[in-house]
């Protein structure tokens, strides 16, 4: 990311950086145990703080300034509309994901087997029914998954009735051997849902990077340094996200290489979204405040709908809150430090 480069090229390199950080986070599956939740929750909290700060200073502040120049007293209109549309985009994208998914981390709970307690399939299906409502297509998918689960569970119960509880592992092996197609279908279906959900959430993040670099120089507040900090903040958020995908997959029984592969795949969509965002902003400058606000709304929605709830879901809420404050403060500090460092490193004539 060089200040004097073409904005589209800058957006591409910035999004490749965020993808690389996703892969770096996923690579921790090789060194961390599958139950390392404290590190993951702390990272999520820190990333949430960074993204919240970056959303305002790198996206909303330039959007407000541009709107004031374009619309005067009605400057709040494009900012409010863009922000609301960004949040609604992520919300309805979540609703369009089939079956039980409303965030990538929700699917992780299913994949990692954390809901496999007493009557777990029934409890999960009841929750999904409440979420799905009367959507016939979604209900058909739910019934299909339920049939898979019942086939697998039926084989398990037959095995467990014949022996003591310490024979559970043997029963699971027999179950998979007796009905491999059902178990494989359920496993791969959940993997597909996981990839779909993470892709939906990473698209607006890549879009935010592209919009930020595409808008550099349009106003005094839309600077390369702020776009750089936004990309850095999203990269920090992607670090625990990659880990959040790969770690439960390893715990579920996938090889560490497969877990790493699926984890880093979650960031592949960001370069595409970044190129799209930067190109659209350069072609339609009048839409810049809407685009900046849209990206900010999408990011804030992801923070409060997915990152914070997941960070609090394992009893590490206080630690996550502390790291969220540190992340927010760190982003503000980095904003001023990066401005000075980049000015010295890449003086603009």
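Including glycine, each Cβ sits where the backbone N, Cα and C put it.
Annotated by TrEMBL as transmembrane segment, the relevant range among 163-186, 259-282 is 259-282. Looking up the ranges 12-32, 96-116 in TrEMBL, the one annotated as transmembrane segment turns out to be 12-32. Just going by CB pairs under 8 A, the stretch in 12-32, 44-64, 70-90, 288-308, 320-337 that sits most against the transmembrane segment (259-282) is 12-32. Residues 1, 5, 39, 43, 205-206, 209-210, 213, 227-228, 231, 234-236, 238-247, 249-250, 256, 259-260, 262-264, 266-268, 270-271, 273-275, 278 of the same chain sit 6 or more residues outside the transmembrane segment (12-32) yet have a Cβ under 8 Å from a Cβ within it. Count of Cβ pairs under 8 Å against the transmembrane segment (320-337): among 44-64, 70-90, 288-308, the largest is for 44-64. A Cβ distance under 8 Å defines the sequence-distant neighbours of the transmembrane segment (70-90), meaning residues of its chain 6+ beyond its ends; these are 60, 63-64, 200-201, 204, 286, 289-302, 305.
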